[in-house]
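Here's what TrEMBL has on this protein:
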{"type": "ACT_SITE", "residues": "SER216", "note": "active site, charge relay system"}
{"type": "ACT_SITE", "residues": "ASP342", "note": "active site, charge relay system"}
{"type": "ACT_SITE", "residues": "HIS371", "note": "active site, charge relay system"}
{"type": "DOMAIN", "residues": "136-377", "note": "domain 'AB hydrolase-1'"}
{"type": "TRANSMEM", "residues": "21-46", "note": "transmembrane segment"}
Amino acid sequence: AMDWQVLTRELSLYLESQVRVGLFGSGVGLSLVLGFGVAYACYYLSSIAKKPQLVASNDRFCRFLEEYCPVVTETYYPTIWCWEGRVQTLLRPFITSRPQVQYRNELIKTADGGQISLDWFDNNSSLNYPDASTRPTVLLLPGLTGTSKESYILHMIHQSETLGYRCVVFNNRGIAGEDLLTPRTYCAANTEDLEAVIHHVHSLHPSAPFLAAGVSMGGMLLLNYLGKTGRDTPLMAAAIFSAGWNVFESVESLEKPLNWLLFNYYLTTCLQSSISRHRQMLEKLFDMDLVMKARTVREFDTQFTSVMFGYRTIDDYYEDASPCRKLKSVGIPVLCLNSVDDVFSPGHAIPVETAKQNANVALVLTSCGGHIGFLEGMWPRKCTYMDRVFKQFVQAVFEHGNKILSM
């Protein structure tokens, strides 16, 4: 054992001296470092940096995207030191900046006596659209426990501000600091609140071009709404980011040991803390002690979400919440960005064949990017690939939409 220790110590001292001498003298250490660097660069360029897969059966829609939203046809270079899906997902909230946004809050009443909190960014200093009545409006839908304060929402507003557009963020019930007036929150399958918000926003600005962008569960909700309404919507188009297409596949992926440890448990505690503030109101209908014992999203949905919205079983709820079933009925142009290494929406569950059967749908699939990650650049604090897709697509629709809206 002693000989082995001596040998390893001698070897490590030799290597250390070689690297030190090599960097300034003999060149052996530098060769090692350079060799590794070149090998890694080759691997990165051949296997990591790739053009996204664009799935769209409609040639007009394809040509429209290639011309006015070229980012979807360009190579995506994920951040070279953190391209893996889980790492991108975990790092993005901590690493990306938070642009300053001043909101105007509005509370609107719902038919069942509840209330919804909307956060408006009016952009009254817009140079491109000084007339508020015709200023294009973007409705933003955050993820599962997200609000208007999420960094990805702030970045979308920042992008819209530079283009002169107005934004309004739809905060799900009871999540943005407002009280619950009835024992009801929200879910991915029930589109009533979203319908009320879309109707409200459109009635305030009937002459303004209007589109929506949804992220994660917000994207699922938006897709479920579009699948239900077809062409009968005031929205011109929609953008969807990191949506979970098949909820059964999503929860199964999130229940794998590492994913449970990194994401599922934390997400479950976020869901629990978002309703614990409304415990008195919700105790009228639920065994809240049981709900607070949930250790997975599936357990939470079994005890709480599926019961609240009247589903007989959790499977009935998950079936209804899965947008892959409604995709064929979408009646307006929709661009959907997913990464195939997203543990929240596994690549094999993305409905590529169904998308090909609907001329209104375009999927953009990157090989890396994780869940709402899409980090790029050496120090990815500012703009992500997702932000650039959002900006180009929204601008394309508002400035050149007539080229696809007649599809």
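Just so it is clear, glycine is given a Cβ too, placed from its N, Cα and C backbone atoms.
All TrEMBL annotations are machine predictions without curation.
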The rounded CA-CA distance in Å from ASP342 (active site, charge relay system) to SER216 (active site, charge relay system) is 11
In the domain 'AB hydrolase-1' (136-377), averaged pLDDT is 97
Students should find that the Cα atoms of HIS371 (active site, charge relay system) and SER216 (active site, charge relay system) sit apart, in Å rounded to an integer, by 8
Within 10 Å, the Cβ with the most other Cβ atoms among the active-site residues SER216, ASP342, HIS371 is that of ASP342
